[in-house]
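Structure record follows, encoded as C-alpha coordinates.
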Amino acid sequence: MGEHWALGPAAGSSLLLCSALLAVGCALGLRLGRGRSAVERWVLAWLCYDALVHFVLEGAFVYLSIVGNVADSQGLIASLWKEYGKADTRWLYSDPTVVSLEILTVVLDGFLALVLIYAIVKEKYYRHFIQIVLCVCELYGCWMTFFPEWLVGSPSLNTSSWLYLWVYLVFFNGLWVLIPGLLLWQSWVELKKRDYQEANSVKKLK
(Lines of atoms letter the chains of each structure in order from A and count residues from 1; the text may use other names and numbers.)
(Lines give C-alpha, C1' and ligand atoms only; values in the text may rest on other atoms or scores of the structure.)
Protein backbone atom coordinates (compact mmCIF):
# COMPACT_ATOMS: atom_id res chain seq x y z
CA MET A 1 0.00 0.00 0.00
CA GLY A 2 2.86 2.35 0.87
CA GLU A 3 4.26 2.25 -2.65
CA HIS A 4 1.07 3.88 -3.94
CA TRP A 5 1.89 6.96 -1.90
CA ALA A 6 5.53 7.19 -2.97
CA LEU A 7 6.57 10.05 -5.25
CA GLY A 8 9.45 8.65 -7.28
CA PRO A 9 12.17 10.53 -9.20
CA ALA A 10 10.31 10.25 -12.54
CA ALA A 11 7.14 11.70 -11.05
CA GLY A 12 9.11 14.42 -9.29
CA SER A 13 10.96 15.50 -12.44
CA SER A 14 7.73 15.47 -14.46
CA LEU A 15 5.93 17.65 -11.94
CA LEU A 16 8.97 19.94 -11.80
CA LEU A 17 8.91 20.39 -15.59
CA CYS A 18 5.18 21.20 -15.49
CA SER A 19 5.83 23.68 -12.68
CA ALA A 20 8.63 25.33 -14.67
CA LEU A 21 6.32 25.80 -17.68
CA LEU A 22 3.66 27.20 -15.36
CA ALA A 23 6.16 29.69 -13.90
CA VAL A 24 7.26 30.80 -17.38
CA GLY A 25 3.66 31.09 -18.56
CA CYS A 26 2.65 33.14 -15.53
CA ALA A 27 5.67 35.43 -15.89
CA LEU A 28 4.92 36.05 -19.58
CA GLY A 29 1.21 36.54 -19.02
CA LEU A 30 1.60 38.92 -16.09
CA ARG A 31 4.17 40.92 -18.04
CA LEU A 32 1.93 41.16 -21.11
CA GLY A 33 -0.98 42.16 -18.91
CA ARG A 34 0.67 45.09 -17.14
CA GLY A 35 -1.78 47.91 -16.65
CA ARG A 36 -4.80 45.64 -17.02
CA SER A 37 -7.21 44.24 -14.45
CA ALA A 38 -6.12 41.36 -12.23
CA VAL A 39 -8.57 39.04 -14.00
CA GLU A 40 -7.18 39.87 -17.44
CA ARG A 41 -3.61 39.42 -16.24
CA TRP A 42 -4.38 35.95 -14.92
CA VAL A 43 -6.27 35.08 -18.11
CA LEU A 44 -3.14 36.00 -20.06
CA ALA A 45 -1.00 33.95 -17.65
CA TRP A 46 -3.21 30.92 -18.25
CA LEU A 47 -3.16 31.40 -22.02
CA CYS A 48 0.64 31.64 -22.07
CA TYR A 49 0.88 28.44 -20.03
CA ASP A 50 -1.75 26.84 -22.27
CA ALA A 51 0.23 27.68 -25.41
CA LEU A 52 3.47 26.39 -23.87
CA VAL A 53 1.83 23.08 -22.94
CA HIS A 54 0.35 22.68 -26.42
CA PHE A 55 3.56 23.46 -28.29
CA VAL A 56 6.27 22.13 -25.94
CA LEU A 57 4.73 19.10 -24.23
CA GLU A 58 1.98 18.02 -26.60
CA GLY A 59 3.97 19.00 -29.68
CA ALA A 60 6.79 16.72 -28.52
CA PHE A 61 4.28 13.95 -27.83
CA VAL A 62 2.92 14.19 -31.38
CA TYR A 63 6.43 14.06 -32.83
CA LEU A 64 7.43 11.04 -30.73
CA SER A 65 4.20 9.26 -31.60
CA ILE A 66 4.60 9.84 -35.35
CA VAL A 67 8.25 8.75 -35.59
CA GLY A 68 7.80 5.87 -33.14
CA ASN A 69 6.17 5.81 -29.75
CA VAL A 70 6.70 7.29 -26.31
CA ALA A 71 7.52 3.93 -24.67
CA ASP A 72 10.66 3.50 -26.79
CA SER A 73 11.76 7.15 -26.69
CA GLN A 74 14.38 8.84 -24.54
CA GLY A 75 14.74 12.35 -23.14
CA LEU A 76 13.17 14.64 -20.56
CA ILE A 77 9.81 15.14 -22.26
CA ALA A 78 9.62 11.47 -23.23
CA SER A 79 10.15 10.65 -19.55
CA LEU A 80 7.27 12.96 -18.64
CA TRP A 81 4.92 11.18 -21.05
CA LYS A 82 6.14 7.79 -19.86
CA GLU A 83 5.24 8.86 -16.35
CA TYR A 84 1.80 10.01 -17.46
CA GLY A 85 1.48 6.75 -19.41
CA LYS A 86 1.46 4.90 -16.11
CA ALA A 87 -1.99 6.39 -15.59
CA ASP A 88 -3.15 6.11 -19.23
CA THR A 89 -1.31 3.60 -21.41
CA ARG A 90 -2.76 5.00 -24.64
CA TRP A 91 -0.11 7.71 -24.46
CA LEU A 92 2.71 5.17 -24.54
CA TYR A 93 1.89 3.33 -27.76
CA SER A 94 0.61 5.95 -30.22
CA ASP A 95 -3.12 5.32 -29.82
CA PRO A 96 -4.55 6.70 -33.11
CA THR A 97 -7.47 8.52 -31.46
CA VAL A 98 -5.23 10.22 -28.90
CA VAL A 99 -2.59 11.15 -31.48
CA SER A 100 -5.25 12.53 -33.84
CA LEU A 101 -6.71 14.67 -31.07
CA GLU A 102 -3.27 15.86 -30.03
CA ILE A 103 -2.36 16.91 -33.58
CA LEU A 104 -5.54 19.00 -33.64
CA THR A 105 -4.78 20.36 -30.18
CA VAL A 106 -1.21 21.38 -31.02
CA VAL A 107 -2.03 22.97 -34.37
CA LEU A 108 -5.46 24.51 -33.72
CA ASP A 109 -5.58 25.14 -29.97
CA GLY A 110 -1.99 26.31 -29.82
CA PHE A 111 -2.56 28.76 -32.66
CA LEU A 112 -5.85 30.00 -31.17
CA ALA A 113 -4.17 30.57 -27.80
CA LEU A 114 -1.58 32.82 -29.48
CA VAL A 115 -4.27 34.70 -31.42
CA LEU A 116 -6.27 35.18 -28.23
CA ILE A 117 -3.24 36.54 -26.36
CA TYR A 118 -2.74 39.05 -29.18
CA ALA A 119 -6.44 39.95 -29.21
CA ILE A 120 -6.46 40.65 -25.47
CA VAL A 121 -3.24 42.67 -25.48
CA LYS A 122 -4.33 44.73 -28.52
CA GLU A 123 -7.99 44.90 -27.41
CA LYS A 124 -9.28 43.48 -30.68
CA TYR A 125 -13.02 43.26 -31.36
CA TYR A 126 -12.81 39.52 -32.08
CA ARG A 127 -11.35 38.64 -28.67
CA HIS A 128 -14.42 36.85 -27.27
CA PHE A 129 -15.15 35.02 -30.53
CA ILE A 130 -11.65 33.50 -30.41
CA GLN A 131 -11.98 32.83 -26.68
CA ILE A 132 -15.24 30.92 -27.18
CA VAL A 133 -13.83 28.88 -30.09
CA LEU A 134 -10.68 27.98 -28.14
CA CYS A 135 -12.61 26.95 -25.04
CA VAL A 136 -15.05 24.80 -27.00
CA CYS A 137 -12.13 23.12 -28.79
CA GLU A 138 -10.41 22.32 -25.51
CA LEU A 139 -13.59 21.00 -23.88
CA TYR A 140 -14.24 18.86 -26.96
CA GLY A 141 -10.69 17.51 -26.77
CA CYS A 142 -11.17 16.46 -23.13
CA TRP A 143 -14.52 14.84 -23.96
CA MET A 144 -13.11 12.83 -26.88
CA THR A 145 -10.02 11.83 -24.91
CA PHE A 146 -11.92 10.21 -22.07
CA PHE A 147 -15.53 9.41 -22.93
CA PRO A 148 -14.81 6.80 -25.62
CA GLU A 149 -12.45 5.15 -23.12
CA TRP A 150 -15.07 5.19 -20.35
CA LEU A 151 -17.69 3.69 -22.67
CA VAL A 152 -15.57 0.55 -23.09
CA GLY A 153 -14.77 0.21 -19.38
CA SER A 154 -11.52 2.26 -19.17
CA PRO A 155 -9.11 -0.60 -19.97
CA SER A 156 -6.21 1.82 -20.48
CA LEU A 157 -6.67 3.83 -17.28
CA ASN A 158 -4.84 2.96 -14.08
CA THR A 159 -6.59 4.38 -11.02
CA SER A 160 -4.88 2.17 -8.44
CA SER A 161 -2.71 5.04 -7.14
CA TRP A 162 -3.79 8.41 -5.73
CA LEU A 163 -1.06 10.02 -7.85
CA TYR A 164 -2.28 8.50 -11.09
CA LEU A 165 -5.97 9.09 -10.41
CA TRP A 166 -6.14 12.45 -8.61
CA VAL A 167 -3.03 14.22 -9.91
CA TYR A 168 -2.42 12.89 -13.44
CA LEU A 169 -5.96 12.08 -14.58
CA VAL A 170 -8.25 14.32 -12.54
CA PHE A 171 -6.16 17.41 -11.71
CA PHE A 172 -4.16 17.92 -14.91
CA ASN A 173 -7.03 17.10 -17.24
CA GLY A 174 -9.54 18.87 -15.02
CA LEU A 175 -7.68 22.15 -15.48
CA TRP A 176 -8.61 22.04 -19.18
CA VAL A 177 -12.25 21.63 -18.22
CA LEU A 178 -12.52 24.09 -15.34
CA ILE A 179 -10.61 27.03 -16.82
CA PRO A 180 -12.13 26.89 -20.33
CA GLY A 181 -15.51 26.68 -18.60
CA LEU A 182 -14.75 29.82 -16.59
CA LEU A 183 -13.51 31.62 -19.70
CA LEU A 184 -16.71 30.70 -21.55
CA TRP A 185 -18.66 32.20 -18.67
CA GLN A 186 -16.52 35.35 -18.83
CA SER A 187 -17.25 35.69 -22.55
CA TRP A 188 -20.97 35.16 -21.96
CA VAL A 189 -21.07 37.88 -19.29
CA GLU A 190 -19.04 40.31 -21.40
CA LEU A 191 -21.12 39.78 -24.55
CA LYS A 192 -24.34 40.12 -22.54
CA LYS A 193 -23.04 43.39 -21.07
CA ARG A 194 -22.16 44.75 -24.52
CA ASP A 195 -25.58 43.80 -25.88
CA TYR A 196 -27.25 45.55 -22.95
CA GLN A 197 -25.14 48.69 -23.49
CA GLU A 198 -25.93 48.75 -27.22
CA ALA A 199 -29.64 48.31 -26.53
CA ASN A 200 -29.58 51.24 -24.08
CA SER A 201 -27.72 53.39 -26.60
CA VAL A 202 -30.33 52.70 -29.25
CA LYS A 203 -33.13 53.57 -26.80
CA LYS A 204 -31.46 56.88 -25.95
CA LEU A 205 -31.15 57.76 -29.64
CA LYS A 206 -34.86 57.15 -30.08
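Just so you know, glycine gets a Cβ as well, placed from its N, Cα and C.
Predicted automatically and left uncurated, TrEMBL annotations should be read as such.
Residues or ranges marked as domain 'EXPERA' in TrEMBL: 39-184. What TrEMBL lists as transmembrane segment is 6-30, 42-66, 98-121, 128-146, 166-185.
Across the domain 'EXPERA' (39-184), DSSP classifies residues as 119 helix, 2 strand, 25 coil.
If one looks beyond the transmembrane segment (98-121) by at least 6 residues along the same chain, the residues whose Cβ comes under 8 Å of a Cβ in the stretch are 29, 32-33, 40, 43-44, 47-48, 50-51, 54-55, 58-59, 61-62, 65-66, 90-91, 127, 130-131, 133-134, 137-138, 141, 144-145. Taking Cβ pairs closer than 8 Å, the transmembrane segment (128-146) reaches residues 97-98, 101, 104-105, 108-109, 112-113, 115-116, 119, 173, 176-177, 180-181, 183-184, 186-187, 190-191 in its own chain, all 6 or more past its ends.
Per-residue pLDDT, averaged over the domain 'EXPERA' (39-184), rounds to 97.
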